[in-house]
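As given in Swiss-Prot:
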TRANSMEM  15-35  transmembrane segment
REGION    32-86  region 'Hypervariable stalk region'
CARBOHYD  N46  N-linked glycosylation site
CARBOHYD  N54  N-linked glycosylation site
CARBOHYD  N84  N-linked glycosylation site
REGION    89-470  region 'Head of neuraminidase'
DISULFID  C90-C417  disulfide bond
BINDING   R116, R150, E275, E276, R291, R368  substrate binding site
DISULFID  C122-C127  disulfide bond
CARBOHYD  N144  N-linked glycosylation site
ACT_SITE  D149  active site, proton donor/acceptor
DISULFID  C182-C229  disulfide bond
DISULFID  C231-C236  disulfide bond
DISULFID  C277-C290  disulfide bond
DISULFID  C279-C288  disulfide bond
BINDING   D292, G296, D322  Ca(2+) binding site
CARBOHYD  N293  N-linked glycosylation site
CARBOHYD  N307  N-linked glycosylation site
DISULFID  C316-C335  disulfide bond
CARBOHYD  N398  N-linked glycosylation site
DISULFID  C421-C446  disulfide bond
CARBOHYD  N454  N-linked glycosylation site
Amino acid sequence: MNPNQKIITIGSVSLGLVILSIILHVVSIIVTVLVLSNTGTGLNCNGTIIKEYNETVRVERITQWYNTNIIEYIGRPSNEYYMNNTESLCEAQGFAPFSKDNGIRIGSRGHVFVIREPFVSCSPLECRTFFLTQGSLLNDKHSNGTVKDRSPYRTLMSVEVGQSPNVYQARFEAVAWSATACHDGKKWMTVGVTGPDAQAVAVVHYGGVPVDVINSWAGDILRTQESSCTCIKGDCYWVMTDGPANRQAQYRIFKAKDGRIIGQNDINFNGGHIEECSCYPNEGKVECVCRDNWTGTNRPILVISPNLSYTVGYLCAGIPTDTPRGEDSQFTGSCTSPLGSQGYGVKGFGFRQGNDVWVGRTISKTSRSGFEILKIKNGWTQNSKDQIQKQVIVDNLNWSGYSGSFTLPVELTKKGCLVPCFWVEMIRGKPEEVTIWTSSSSIVMCGVDNKVANWSWHDGAILPFDIDKM
């Protein structure tokens, strides 16, 4: 075959393949039209299939139009209603573990923040652990000196409850060295206190956006709860202190809606001292159990009504629950006055159950070690010493720290009452241990209908870390 014949043959074959391809495409179109015309209303040219995927960072709506996908990013749907939170507390027979973050153990080899003052608060959909970071990581040189309470590096951040305070899952909330946070059913509200001691400012964030501020009115370390604030029917309440930690200070209740302050009221408490209140909703009011850092080894009690009227006094029970404290047998109890001369103190909590009260305290009378919760019959209203239940959470061979309260809303549990819960901070490092840093992890417990065995859910990290040996 000469070259011309080869060219003609190749051209003929190519032309034949092109014609065959055109025929196949025509047949494909005819078959598709015939099939679609026989499917009735099941599929039509104007029909679409829409699928929505609720991802962590966005909601995707994927529209499938036969063999074509159109991806559209849409806004995350917001909750429509405020939480009620006017129900009574559920009766608790014991407290079961809800979560434990093991942050310090994980932080020996993971990217975990140096923190203090962790606390838990819940929305209708989830509970989150909030914490004050030191702007540094465990086992890193910047963790040196983090025993200090107030610095420009401290921030309020949060993770889903049970997660360690790690850099990959933490969400920024506010610049703060003192804070509170709560959810009204629609959005999170946070209050972060920062700035110099004499001119500190509290910034109120709502839905992640700063919307209001509170300036220091006494010029002496404006500070707040270090635990969950309380929202009832869309109004959120919290307590702040401004003034000395070891003598008479000034105390105020604040009320906000959608992050904007709509009311405040001074608390008249001459001779008494209020710090770091642990508050919860109960029967339409806010009940708080606080810290007396001046003289009392009994805890201040504050009950707030929606109109910002209040009653204030001390937990009546004849058993002291602050630290340091004296012997139980030597304590008489008072509903109106501070008792004891120990000074100092530690953040704590309690829950009213009718006239009875559940109260938490360190097991040690002199240091922040061990933790137990007691139920005292008639302890809310009388100087009762009648301990009807006790549960150990951390044994006295291990460090504890702050503790505080929160509740599980009925929207989350589908119960007709608010489940009482608490958290216990377990402080590690300075000043009790030979490290360059101070941080903490936490255990979280919630009320159940059964008694729960004693155990020790302690921190468990083996110290010192590598950074402490350099």
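Glycine too: its Cβ is placed from the backbone N, Cα and C atoms.
Structure with Swiss-Prot features highlighted.
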{"residue": "R150", "record": "substrate binding site", "DSSP class": "coil"}
{"residue": "C231", "record": "disulfide bond", "DSSP class": "strand"}
{"residue": "C236", "record": "disulfide bond", "DSSP class": "strand"}
{"residue": "C288", "record": "disulfide bond", "DSSP class": "strand"}
{"residue": "N293", "record": "N-linked glycosylation site", "DSSP class": "coil"}
{"residue": "C316", "record": "disulfide bond", "DSSP class": "coil"}
{"residue": "R368", "record": "substrate binding site", "DSSP class": "coil"}
{"residue": "C417", "record": "disulfide bond", "DSSP class": "coil"}
{"residue": "C446", "record": "disulfide bond", "DSSP class": "strand"}
Q: Determine, from DSSP, whether C122 (disulfide bond) sits in helix, strand or coil.
A: strand
(Q) For D322 (Ca(2+) binding site), which of the listed recorded positions (N84, R116, E276, R291, C421, C446) have their CA atom within 10 A of its CA? (A) R291
Q) How many whole Å apart are the CA atoms of E275 (substrate binding site) and N454 (N-linked glycosylation site)? A) 30
Q: Whole-number Å only: compute the distance from the Cα of N307 (N-linked glycosylation site) to the Cα of R116 (substrate binding site).
A: 33
**Q.** List of residues, in chain order, with Cβ under 8 A from that of R116 (substrate binding site) and at least 6 apart
**A.** F131, L132, Q134, D149, E425, I427, T438, S439, S440
**Q.** C421 (disulfide bond) to R150 (substrate binding site) - Cα separation in whole Å
**A.** 28
Q: Out of N84, N144, N293, N398, give me whichever of these glycosylation sites has the highest number of other Cβ atoms within 10 Å.
A: N293
Q) For the substrate site made of R116, R150, E275, E276, R291, R368, how many Å separate the two farthest Cα atoms? A) 21
**Q.** Same chain, 6+ residues apart, C-beta under 8 Å of the C-beta of R150 (substrate binding site), given in sequence order
**A.** W177, S178, D197, I221
Q) Could you tell me the C-alpha distance between C279 (disulfide bond) and C229 (disulfide bond) in angstrom, no decimals? A) 7
Q: For N84 (N-linked glycosylation site) and E276 (substrate binding site), determine the Cα separation and express it in whole Å.
A: 25
Q | Cβ-Cβ neighbours of D322 (Ca(2+) binding site) (radius 10 Å) | A | 27
